[in-house]
């Protein structure tokens, strides 16, 4: 392609030393997380240092992205998508959160209960009712006592390192003061370490088999000029009339949506198994202050919260979808927008915050593709951004409907409403993904005489499916997406 050949990439090789320079931002980011320790909660100097490191981290992340990329970008597109785009944006969000946060990482039990995110005491499960009542009477004074105890006990350096690792690799923050409410992220099942291992391993095998099968079909649909209907016509000739109705093909979109769902579930299982290994081997090989604490399976809830039962856009995105980046969206998108519109009334501010969160989510999804996209493949129509903005508009419509009628969008009308939204706005996004991320249709050679080759297509689908699947698994290795490592507060 003429226009793509004029693109000059900054590097022609993949030297390790060059790439290491692109990860310099990890040094100030780790320092920020280290200074989030409750020991430094009252330190003005620590707060000032966290704030000062914020612009430096953002600058290093954004300006050194080319150093972290693998070249040529056209060949390493999937690799860069998994290793560079997600961690880069997440690192920027963490820098903003650590730099601007002015509160306590941990909260008292009563505070968590009032916020609806108390997940059972990990280390005091046997407290009797009288002790619990006495603790509740202490109220918010308990937090001050905890902070004072942590400060006076002066945890060891290894204990602080352990806290830093836990904070960086716990995006959902299930043990923090900003933990999602139980209605969004419920408690996980109560199991022993061995039972949890077998349960997770079984789920991983099922997800991998189902996901790989779905991906083979999805890639096959994406390769065919007539998408899913064209594939059906190849194998079942009487269905050839469907090739004239490709505008009604929503099977391809549904298949890619299912692939995304199963992919994330697979990642969750993989990194939960990694945590099991750390809990099993860690106490034997790590120093006491660095070794993991008591394993609690309740801190490993399902990644998705009854997603298939959600009957409105608000329920789907706020309570059903995964909460991996919930903190990023709320802190960097929802809260600033809500604050800007606070002068227009509480309801208006809340609605604006909701819209701000969805806009931020759209920017996040577009950034993932833009930062590692071959310029000739980047879609200027920004379909991901449009989808999330329009989903946000649908959520605002549901909220206003409730305010005016007093009724919720639910039941079968709500399900049909959700299907319509995703069908209309999701199809352009999937089409863009087929072109940008998955197959690269613009570079695909057309089959002779316009006929699709099913056997070759299935073979290539399997190869590409395996490649993306492996890359997706490695995605969370950089940012620890789906793990929740309990941190035992120093006594």
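Here the Cβ of each residue, glycine as well, is placed from N, Cα and C on the backbone.
As annotated in TrEMBL, region 'Disordered' covers the listed stretch 124-148 rather than the other ranges in 124-148, 149-173, 174-198, 199-223. The feature transmembrane segment, as given by TrEMBL for the ranges 48-65, 102-119, sits at 48-65. Looking at 346-364, 365-383, 384-402, the range tied to transmembrane segment in TrEMBL is 384-402. Residues 43, 46, 49-50, 53-54, 56-57, 60-61, 64-69, 91, 94-95, 98-99, 101, 105, 160-161, 163-164, 167-168 of the same chain lie 6 or more positions beyond the ends of the transmembrane segment (16-36) yet place their CB under 8 Å from a CB of it.
Computed over the domain 'Wax synthase' (300-380), the whole-number mean pLDDT of the model equals 87. With helix defined as DSSP H, G or I and strand as E or B, the domain 'Wax synthase' (300-380) counts 54 helix, 0 strand, 27 coil.
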